[in-house]
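Participant: This is the structure I want to talk about, given as structure tokens.
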Amino acid sequence: MESLLEVPVAEGATARILQITDTHLFANKGDSLLGVNTYRSYHAVLNMILQQNLDIDLIVATGDLVQDQTINAYQHFAEGIARLPVPCVWLPGNHDYQPAMVDTLAAAGISPSKQIVIGQHWQLIMLDSQVQGVPHGELTDYQLEWMKKCLDGHSDRHAIIMLHHHPIPSGCTWLDQHSLRNAPELSECLKGKTQVKAILCGHIHQEVDEMWNGIRVMATPSTCVQFKPHCTNFMLDTVAPGWRYLELSVAGNNKEAKLQTQVHRLKNNEFCPDLDSDGY
């Protein structure tokens with residue numbers, strides 16, 4: 001859990017991070033989730049990232065990497081990541097099976113590190129919110145204490161917290177039953193931690209960018225199926241699969257944080273889901 005990864009960035013340079021989430025891959029490359037072939041949508045996203053020809057220092061995968069909890073599905077994820085020759089770190093989501101996940105991704109050279117120090121001025125703290133066998137999330141006391149140690153041990157660094165489950169209401173009644181159950185405890189632990197500039201999550205298959213007790217919280221679209229925002233009951237959306245790109249830097253003599261981010265999406269409607277689906 002305490003493993004640390006150092007990502008070198010030259011002084012004064014911008015760190016560039018790619019967040020992908022909720023790939024929901026299967027062992028069978030031909031299988032679909034709610035009408036979307038997740039293997040093909042994953043590689044369509046990777047194709048577009050490669051076409052953008054961006055300089056990337058780190059990839060962060062924030063959970064639900066597979067749908068069927070198989071080793072082969074994790075191997076498909078790793079083979080895709082290998083197309084982008086930069087370090088990758090990961091978090092589990094509620095659909096992930098960590099025994100298969102840890103071993104398979106490690107064998108592919110994908111780092112299990114959960115604290116990432118970037119250059120001289122930033123760190124990422126990766127929290128495991130998975131509660132095995134249920135869709136909602138929770139952070140253990142150990143996770144929260146470890147987060148505080150990371151923040152206190154590098155109090156001179158700006159920080160981003162990453163986890164799978166959303167700590168704030170998404171606006172979807174059905175999804176918010178499956179949120180981070182102890183979000184108030186997370187908020188309490190972050191009181192006075194002014195170096196925390198953002199919290200990033202996945203899980204809700206849609207873009208969110210809100211303030212929560214003085215901290216910016218962002219959710220990132222899935223690389224496959226999208227959930228329609230502001231719905232009481234389960235409903236799918238027709239917007240394209242997406243991912244998030246972040247640039248981290250500092251400015252001025254005080255080294256003030258600069259965080260710029262943009263959600264990108266595929267440019268066509270090739271991956272439209274089965275809108276008659278009533279759940280999964």
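Glycine is treated like the rest: Cβ placed from N, Cα and C.
Pulled these features from TrEMBL for this protein:
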- ASP22, HIS24, ASP64, HIS205: Fe cation 1 binding site (BINDING)
- HIS24, ASP64, ASN94, HIS95, HIS205: AMP binding site (BINDING)
- ASP64, ASN94, HIS164, HIS203: Fe cation 2 binding site (BINDING)
- 16-206: domain 'Calcineurin-like phosphoesterase' (DOMAIN)
Participant: Taking the binding-site residues one at a time (ASP22, ASP64), which has its Cβ surrounded by the most other Cβ atoms within 10 Å?
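Facilitator: Selected residue: ASP22.
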Participant: Relative to the Cβ of ASN94 (AMP binding site), which residues of the same chain, six or more apart in sequence, are found under 8 Å away?
Facilitator: GLY63, ASP64, GLN130, VAL131, VAL134, PRO135, HIS136, GLY137, HIS164, HIS165, HIS178, HIS203
Participant: Can you give me the Cα-Cα distance between ASP22 (Fe cation 1 binding site) and HIS95 (AMP binding site) in Å, rounded to a whole number?
Facilitator: 9
Participant: Quick one: pull the CA-CA distance for HIS95 (AMP binding site) versus HIS205 (Fe cation 1 binding site), whole Å only.
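Facilitator: HIS205 (Fe cation 1 binding site) has its Cα 14 Å from the Cα of HIS95 (AMP binding site).
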Participant: Within a 10 Å radius of its Cβ, which of these binding-site residues (HIS24, HIS95, HIS203) has the fewest neighbouring Cβ atoms?
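Facilitator: Relative to the other binding-site residues in HIS24, HIS95, HIS203, HIS95 has the fewest Cβ atoms within 10 Å.
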Participant: HIS164 (Fe cation 2 binding site) has how many other Cβ neighbours within 10 Å of its own Cβ?
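Facilitator: Counting Cβ neighbours of HIS164 (Fe cation 2 binding site) within 10 Å gives 26.
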Participant: So, in DSSP terms, is HIS95 (AMP binding site) helix, strand, or coil?
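Facilitator: Looking at the DSSP assignment, HIS95 (AMP binding site) belongs to neither helix nor strand, so coil.
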Participant: At a 10 Å cut-off from the C-beta of HIS205 (Fe cation 1 binding site), count the other C-beta atoms across all protein chains.
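Facilitator: Excluding its own Cβ, the number within 10 Å is 28.
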Participant: Calculate the per-residue pLDDT averaged over the domain 'Calcineurin-like phosphoesterase' (16-206) and state the result as an integer.
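Facilitator: Within the domain 'Calcineurin-like phosphoesterase' (16-206), the model's average pLDDT equals 97.
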Participant: Can you give me the residues near the recorded AMP site, meaning same chain, not HIS24, ASP64, ASN94, HIS95, HIS205 themselves, Cβ no more than 8 Å from the center of the site's Cβ atoms?
Facilitator: ASP22, GLY63, GLN67, GLY93, ASP96, GLY202, HIS203, SER222
